[in-house]
Amino acid sequence: MSTYEGRWKTVKVEIEDGIAFVILNRPEKRNAMSPTLNREMIDVLETLEQDPAAGVLVLTGAGEAWTAGMDLKEYFREVDAGPEILQEKIRREASQWQWKLLRMYAKPTIAMVNGWCFGGGFSPLVACDLAICADEATFGLSEINWGIPPGNLVSKAMADTVGHRQSLYYIMTGKTFGGQKAAEMGLVNESVPLAQLREVTIELARNLLEKNPVVLRAAKHGFKRCRELTWEQNEDYLYAKLDQSRLLDTEGGREQGMKQFLDDKSIKPGLQAYKR
C-alpha cells in the first residue's frame, strides 16, 4: 500500500502491486485544479517517476468527478487580480504537469475517468498514454458558456485525438457527452460501467507491468514524437530510439525474447510478452 499518506493536501497517492493510483483530491470542488493542486502534481509526478514501486501510473479523481477543470475562483478570479508575472507563473505550473511532464512521462500512464471531466481536464486526459472511462462519466468543454475559448492546450488535445467536426461541435456549443460517446470519438480507449472501471483499469495496468519498461518507454515516446516529424526524420529518430533502448535495457529484453521464442519455444510473441 501507499507510503505517501498525508504528504500532499490536494492529491492522494496509493501504490498497490506496482500500480500508483494518483487521485485528485478536492471532491468538494469536483477536483477542480487550483494553483496549489498544480504545484503538488508536479511534485507527485516527479516523485513517482523515481519510485521503483510505481510501475504504472493511474490518474483518477476522488468522489464523483475526475476533474471539473480549472478552479474558477482560485485560478481565474484571484490570479487575474494579481500582477502579470504571477499569471505567467500559474500558467506555467499548470502546463508543466498537465502536459509537459505527463505527455512524455517515463512510465506508462492511464487516465481512469470516474465522473465529471470538463474544460482544462481534457489536457491531462489526452496527455495520458491510455484512457478508460465510466459509461456514467460526463465530458464537456464549457468554456464558451462563460465567455472564454478553451485555454491551456485543450484545443490541441482535442485536435490530436478527435476529428475536426466533433472537436469544433463541442468547443463551439459547450454541449456535454457521455462515456460511450467519448470512446466512439477516440477520446478514450474504452468506456465501461462505473462498477467495472477500476477492475478493467487494473487489468490494463497489469498488462503493461508485464512489459519491459525500457522498451515500453521507447515505444511510447517514439510514437508521440513521430507525429511531429517528417518521414525522413522519423526513420532516423525511431532507429535511434531502437538502439537507445538496447543500450539502456539492463535485462536484455530483445535477446531474452528472441531466445524464448526461437530457441526455447516457450512464448508466442504475437499473443504474450516474454517472461521477465
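Here the Cβ of each residue, glycine as well, is placed from N, Cα and C on the backbone.
The feature acetyl-CoA binding site is assigned by Swiss-Prot to K29, A68, M70, L72, G120, S142, W146. In this structure, W146 (acetyl-CoA binding site) is part of a helix by DSSP. W146 (acetyl-CoA binding site) counts 10 other C-beta atoms within 10 Å of its own C-beta, drawing on all protein chains shown.
According to DSSP, G151 (vanillin binding site) sits in a coil region rather than a helix or strand. If you look up Swiss-Prot, you'll see Y75, G151, Y239 marked as vanillin binding site.
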Problem set entry | Residue pair Y75 (vanillin binding site), G120 (acetyl-CoA binding site) - Cα distance, angstrom, rounded | 11
Exercise. How far is it from Y239 (vanillin binding site) to G120 (acetyl-CoA binding site), counting Cα to Cα, in Å?
Worked result: 35
